[in-house]
Amino acid sequence: MSVLTLHNSLTTYLVIAAILFGMGVYGLVTRRTLIGMLIASEMVLIASSINFMAFNRFTAPDPAVGQIFTLFIMAIAAAEAAIGLSIVIAVYRNYQSVDTEDLVDLKG
Amino acid sequence: MQFLPELTLLGASLILFMVSLKDSSNNGISNIAIILGALVFGSTLLSFSQEGSLFFNSYKVDLFSQIFKTLIAGAMLVVLLLGRDLKGINTKVRPEYYLFMFISTLGLMMLVSSVELLAIFVALELSSFAVYIMVPMRDDSGRYRIQMEAGIKYLLFGVTATGFMLFGMSYMYGLTGSTQLPVIIESLSSLYSEPAAVIAVLMVLAGFFYKLAIFPFHFWVPDVYEGASNETTAFIASVPKLAATAMLIRVVTMINGDGQVIVNVLMVCAVLSMFYGNLSALVQKDIKRMLGFSGIAHAGFVLLGILTMQITGYANAIYYIIGYVVMNLACFLVICTVSKEGENVQINDLSGLHQRAPLLALTLGIGLFALAGIPPFVGFMGKFMLLAGALQEGYLLLVILAAINTAIAIFYYLSVIRIAYCSDTEGRGSVIASPLTNIVSVTLLLIITIMGVLPQRFIDFAASAVTAML
C-alpha cells in the first residue's frame, strides 16, 4: 500500500479515530483544568464521528445512516459543551478557579 | 395511544416551561408538578397493554417497555411527592427544576423503548443533560458550593461514559452495517470470535454502567449524591436506574454462547462493585453518601442476575431493581423530611428519630432492613432469588463472594437503625411530616412488604415481559 492511496483505505481512518480516542481519554485523566477536560471530551466524541463516517464510506450497505449519526453527534456535542461551560462558569463564581486541584470539597 | 405517556410528559414539560416564563412567586408550582406527574402515571397505565413499533422500527412498544415506563412514571411521582417542599432549591428556579426533571424522565421513557442505536444515544443524552443541570441548581445562597463541583464532575464522567458508548456503537455499526438492534443481534451472533465485536459490546455497556453506577464507572456516585440537593439525589438514585437496567438487559440479550469473555468481564465488574460499595459505605458519616455507596453494591447484585443470561435471571434482576428503587425512595423520604432547610443529613442527625417522628423512623427502619436483605422484605427475596439463580448456572464462587458482601452490608445499615432507635434525641426537635408524606411512606412500606411476601407473581410477570421482548 503506497502512501498515495492511504486516503482511500478504511484502516487509515480507524487508526486516526483510535488515536483521537486515546488522546481524549488520556486528556480527561491528566488535564488539570476543567476547560482542558471539556476539550478532551470533545476529542472522544469526534473520534467516534470519524469512525462512523469511515464505516459509512467504506463498508455500510446504506451510505446515509453513518452521516446522519455523525450530524446527531455534532449537535449533541454542542449541547454538551454549552451545558459544560455554563457549569464551569458556576464553578468559577463559587471557587474563583477552574483548576481541578482547587475543587476538593468533595472527596470522591 | 402507543406514544401517549411520552406525549403527556412532553405536554407537561411545555406547561412547566410556560410557568417558568412567568415572573411570579410560583407558590403552587409543586402542586402543579404533582398533578402533572399523576397525569403521566395515569397515561402510562392507560397505554400499559399497547404494542407496536413506531418511527421506522426504531421505537418498540411492548410489555417490557410499558412495564418500565409505568415504573419510571411511578418513581417520578413518588420523588415529586416526597420532595414537595423542595427545600434545597431556590423558589425562583423551581419551575425550571421541575421542567428538567420531566424532560429527564421523558428521555428515560424513550430510552426503554428504543431499539436503534441513534434513538438510544439521543434518548440517553436527553435524560443525562437534564440531570446535569438539576445538580448545580441547588440553592447556593446558603453555605453550600459543593453542588457546582458535583455538577461538573457528574458531567465530565458522563461525557466520558458516553464517549465510550459511542465509540462502541461505531464499531457495532462498522461490523454489522446497521443501527437496528435486531439486525445487529443477528449479525453479531457469528462474530463473537472477533475481538472487535467483544470490545464494541463492552464499550456500549459502559454507557449503561455509568447510569447504573457499576464498578469502573461509579466514581461520580458519592460526590454527586452528597453535592446535589436531597430531592435531586432521590431522583438520581431511583429513576435512571430503572431505565439503565432495562437497557442493560436489552444489550446483554445480544450476547450468545460465544461471548463468554463478556460474561467474565461482567462477573468481575459485579464482584468489584459489591466489594467497593460495601467497604466504602462502612466509614461514611453522611447518609446520602452511604446510600450512594450502597447503591453501587446493589447495582452489582443486579448485574449478578443479568449475567446468568437466562430469562429467570433477567426477571430476577427486574424484580430486584424495582425493590431497590422502592426501598431507596423510602430512605430518601425520611432524609428529605428530616432535613429542615435542605441541608445534608448526617447519620448522627437521625438520633432518637423514633421519638421525634415514629412513622418516619419506622419507614427508615424497614427501608434499611429491606436494603440489608432481612426477611420478609423485598430486599431479602430479591437477593435470595439472584443468588439461587446464579448458583443454578454454576457460578459458585460468585455466589460465595456475594453472600460475604451481604454480611458486610448488614453492619452499616443496622448501625443507622441503632442510632435512629436506640439513642437519645440529644435535644433535637421533633420532625413534622405532612399527611401526604405519611400516606406516601405507608404506601412504600406496603409495597416493600407485599413484594417481599408474594414475590412469585411479580417475577412471573417480569419473566413474561422479558419473553415478549426477546
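Every residue, even glycine, has its Cβ placed from backbone N, Cα and C.
Curation does not apply to TrEMBL; its annotations are automatic.
The annotation domain 'NADH:quinone oxidoreductase/Mrp antiporter transmembrane' is assigned in TrEMBL to B:115-408. Look at TrEMBL and you will find B:6-21, B:28-48, B:63-83, B:95-112, B:118-135, B:155-176, B:233-255, B:261-279, B:291-311, B:359-382, B:394-414, B:435-454 (among others) tagged as transmembrane segment.
Contact between the transmembrane segment (B:6-21) and the transmembrane segment (B:95-112) is supported: at least 3 Cβ pairs lie under 8 Å, counting only residues 6 or more apart in sequence.
With a threshold of 8 Å between CB atoms, the same-chain residues lying at least 6 positions outside the transmembrane segment (B:63-83) that come near it are 5, 30, 33-34, 37-38, 40-41, 43-45, 47-51, 98, 101-102, 105, 108-109, 112-113, 230-231, 234-235, 238-239, 242-243, 246, 318, 322, 325, 329, 332-333, 336-337, 436-437, 440, 444, 461-462, 464-466, 468-469. Beyond the ends of the transmembrane segment (B:28-48), by six or more residues, the same chain brings 1-2, 4-5, 7-9, 12, 15-16, 19, 61, 66-67, 69-70, 72-74, 76-77, 80-81, 84-86, 94-95, 98, 101-102, 105 to within a C-beta distance below 8 angstroms of the stretch.
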